[in-house]
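A.B. asks: Pasting in a structure now, in structure tokens, and then I'll have a few things to ask.
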Amino acid sequence: MPSPRRKITVLAAFRTARESLSDAAGITPGWLLLYCVLVLVQAGLPGAQVVLIEDLIEGGSGAWGSLLGLTVVVGAMYPFAQVTTTVAQRMMLRLRLHYRVELAHAAARLSPSRLAMPDVVTELEASQSATHPMSDIASRPVQVLGAAATSAVLCAAIWSFNPLSGLLVLAALVPTVLAFTLISRIESKGWPQVAEHDRKAAYATEQLIQQRSGTELAILGSGPKVAGLIADRRAEATWVLDRMIRTAMTLEVAAAVLTAVLFGGALVALVLEDAGGAAAAAAIAGTISGLNAIRQCGYAFGTIVTAAPQATMYRRFVRSVPPAPPQSIVRTVQSVALDNVSFQYPGAAAPALRDVRIEARRGEMIALVGVNGAGKSTAINLLVGSLAPDRGRVLIDGTDAGGLTETERLGHFGLLVQEFGRFEFALRDAVALGSPTDVPDEHLRTALAAAFAKDLPLDTQLGQQWGGTGISGGQWQRVALARIHLRNAGVWILDEPTSAIDAEAERAVFAELRRTRHTRITIVVSHRASTLVGMDGIYVMDDGAVVQRGTYQDLISQPDGRFARLFATQGEHPLNSAPH
Ligand SMILES: Nc1ncnc2c1ncn2[C@@H]1O[C@H](COP(=O)(O)OP(=O)(O)OP(=O)(O)O)[C@@H](O)[C@H]1O
């Protein structure tokens, strides 16, 4: 009785084969049809060879028809195989393109809450590497069927000389299929380990070669330590691969010996039956021609079994990101609020937020301040919906935002995070990302001007690795800020929006934000006292709670308050650093 695990492996292989064929039929039906026809015609050639050789030897000098037929069959075999392989490759290219594009669209639909899940990057990377083996699968079931047809035709052709020989030729399929199934099962266990080691090695390599981290490591003189980590990971991957190759070799040799025994048995049976020289010669020539197809069957079946877990994972991932309507930006929001919100991260010892109340109305500019870990980012993530409160409500225009879909909710916000994207595209494209729809250049220029970043032409390619312009950290931040201006959503959330920008430009950026504040709600996270003057409300957070609230003037008038102490411990007293 087959073990449940083997049953699952084989079932998954059949399901994968069916789904891949159905993909190929939908995406590239012409190439699939052509491939099927070529494989089927090819399957008949070794059997035809047997019949023609026997006829030629028996018929002697008068068998001109058989001679011509045999010449055509033998002459056609090699070019036919070449054309068939090329057709499979062209079909594969089209499927790979489809899977890669499909995956890119699925990745583009990932919501922030899904992106925050720990496994999502692993799933995405594994799906990315699955696109190659997946595009290779569709031709494999056809190959398996072709090999089965080759064996069946060969068996039928030899059957007329001796049925036992025919059956033994058919049975010669079994060892190679079994061996490749076993190899594939071993590989499907080994490859994830190799991939994990490779991923870690690739990450460490990136740290060495990326400009920022590479420079930091070179200055520290610690590059060789990272190289050591890479060497360990690569060595682990190599040993796993080496074990896999050794096992595969043993199984393949065993299968080859068994196949040879079965073919030998078929020939012995022919000789013992005294089927005659013509039959024996025909059977030998036919089986030699068919052997390759039969070996390919094992390989093809093995490929499906190996790729089945990756294909299953890819499909699960793509299906798990349902089609989403395009985001539409909500330009007018009257109010947002965290209403008595508490939140604790899974596995954390203490809540990150406790009974937090924060409110902002249209036209207001408020700030969240507090030491590292006070809960500012958590509050923002709860507001935009990347996290859901354990207690309390998030209100947008007085209504519980929990009722909105994530896409609807995100449409209310323009969010500039501390780790904003440095998108190394043309400047035009990097700014245009601020809006989900196409925007004219004029709007892009206005947004850049509002972020005080109008000195670069829109066609500028950003990023030196693309032969483009390298820009400073402050300029990158201005480009990111320009995206928020372009987006112009009803609520702007700016987490340290000027951290990389010089003091003079910072004053200009904030003056512009204050000038245009009336059309929106602005929430700023800031550690700089100079940016807090003129805020309509400052929420001072500590250990997950709002411990003080008021305007800048209110807060500095309480010298023992958390706000005053916060800036004093940073060596920056608000009174001293405020612009006069
Ligand atoms: N993903 C997470 N899992 C578990 N705990 C977290 C996670 N993110 C934050 N925390 C914890 O929640 C608390 C609040 O963190 P939060 O990032 O909101 O602080 P913050 O005020 O934004 O800090 P910073 O100024 O450093 O950005 C901290 O104790 C932090 O360690």
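Cβ atoms are placed via backbone N, Cα and C, with glycine included.
Since we're looking at a predicted model, the values are computed, not measured.
So TrEMBL lists the following for this protein:
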DOMAIN    336-568  domain 'ABC transporter'
TRANSMEM  21-43  transmembrane segment
TRANSMEM  63-88  transmembrane segment
TRANSMEM  142-161  transmembrane segment
TRANSMEM  167-183  transmembrane segment
TRANSMEM  253-272  transmembrane segment
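Any idea what these are sitting next to in the structure?
C.D. replies: Among residues of the same chain six or more beyond the transmembrane segment (21-43), those with a C-beta under 8 A of the stretch's C-beta atoms are 77, 80-81, 83-84, 87-88, 90-91, 94-95, 98, 138-139, 141-143, 145-147, 149-150, 153, 293.
Beyond its flanks by at least six residues, the transmembrane segment (63-88) meets 31, 34-35, 38-39, 41-42, 45, 48-49, 52-53, 55-56, 139, 289 of its own chain at Cβ-Cβ distances under 8 Å.
Counting only same-chain residues 6+ beyond the ends of the transmembrane segment (142-161), those with a CB under 8 A from a CB of the stretch are 17, 21, 32, 35-36, 39-40, 42-44, 46-48, 50-51, 54, 167, 169-170, 172-173, 266, 270, 273, 275-276, 279, 282-283, 286-287, 290, 293-294, 296-297, 300-301, 304.
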A.B. asks: Going along the chain, which residues at least six beyond the ends of the transmembrane segment (253-272) come within the CB cut-off of under 8 Å?
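C.D. replies: That would be 158, 161-162, 164-166, 168-169, 171-172, 175-176, 178-180, 279-280, 283-284, 287, 291, 294-295, 298.
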